[in-house]
Amino acid sequence: MPITVNKLRHDTHHFFYKKIGAIFFISIFATFMNILIDMFIKPDMHIVSIMENNKFINASSLLEFIQNMNLNEKHELLKYSILKIMESLISKTTLLGSIIILISFVSEPKKKSIVSSIRTFFLFFPSLFILNFLTTFIIQIGFMLLIIPGILLSIILSLSPIILFFKKNRLLDSIRLSMYISWKYIKIIGPGVLFWMCGKFILTMLLAHFSLINKNVLFLISNISMNILFSILIIYLFRFYMIFLRS
């Protein structure tokens with residue numbers, strides 16, 4: 001079966017509208033999990049206010065800002081940064097794992113029970129979390145160097161969670177296979193990832209202009225919208241990999 005962008009777009013659109021309720025629920029659940037973890041972090045409010053009130057133009061301005069901090073502020077900033085990274089990874093892994101399990105549950109001819117699917121999710125979660133950490137770290141290094149390497153790494157590593165789920169491979173094998181397949185089919189996978197990135201940028205720009213809306217409400221709308229957008233990308237990539245395995 002030939003793999004085309006139009007075919008994947010049609011299948012993604014069909015699945016999204018067929019399971020829109022479940023996707024919304026998962027997106028909202030991941031957002032509230034994010035909020036719940038944020039409540040437990042309880043950071044130093046002085047550090048949070050400093051981070052929110054300072055606009056860092058580039059890495060050098062951030063480094064200069066950190067150098068001017070005292071030792072206690074540096075310690076609090078490091079702790080806050082680590083906790084925020086963990087919060088983001090847990091939320092992303094929950095969303096990613098839930099959508100993958102949902103697509104798998106719907107796609108399988110022999111239906112699993114909901115209990116079995118939940119069990120699969122919890123077994124899959126630890127390895128997916130570590131994979132997310134590794135791929136996020138690699139992609140961020142790419143973005144620190146230049147924009148293009150970051151985008152390219154985002155594309156070629158995008159299949160790794162789905163390969164990990166299907167093949168039950170080791171983490172590095174999933175990354176290696178993702179790089180090989182994604183590079184080979186970059187003209188098909190690339191548009192999906194770029195659509196997601198552009199969508200994130202447009203949403204961020206649009207929501208930044210709603211200054212009259214309460215900050216917490218805006219955060220909620222932003223997170224749910226971003227999660228739905230990411231879910232669409234996962235559906236697109238999952239469908240690609242299903243067709244790829246059959247071809």
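Any Cβ shown, glycine's included, is placed from N, Cα and C.
Keep in mind the model is a prediction, meaning the values are calculated, not measured.
The annotation transmembrane segment is assigned in Swiss-Prot to 20-40, 85-105, 114-134, 137-157, 188-208, 218-238 on the grounds of sequence analysis.
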Given the transmembrane segment (114-134), its same-chain partners at Cβ distance under 8 Å and 6+ residues beyond its ends are 89-90, 92-94, 96-98, 100-101, 104-105, 160-161, 164-165, 171, 174-175
Can you say which of 85-105, 137-157, 188-208, 218-238 has the most Cβ pairs under 8 Å with the transmembrane segment (20-40)? 85-105
For the transmembrane segment (85-105), give me same-chain residues lying six or more residues beyond its boundaries with a C-beta closer than 8 angstroms to one of its C-beta atoms, as numbers and ranges. 15, 19, 22-23, 26-27, 29-31, 33-34, 37-38, 41, 111-112, 117, 120-121, 124-125, 128-129, 132-133, 136, 161-162, 165, 227, 230-231, 234-235, 238
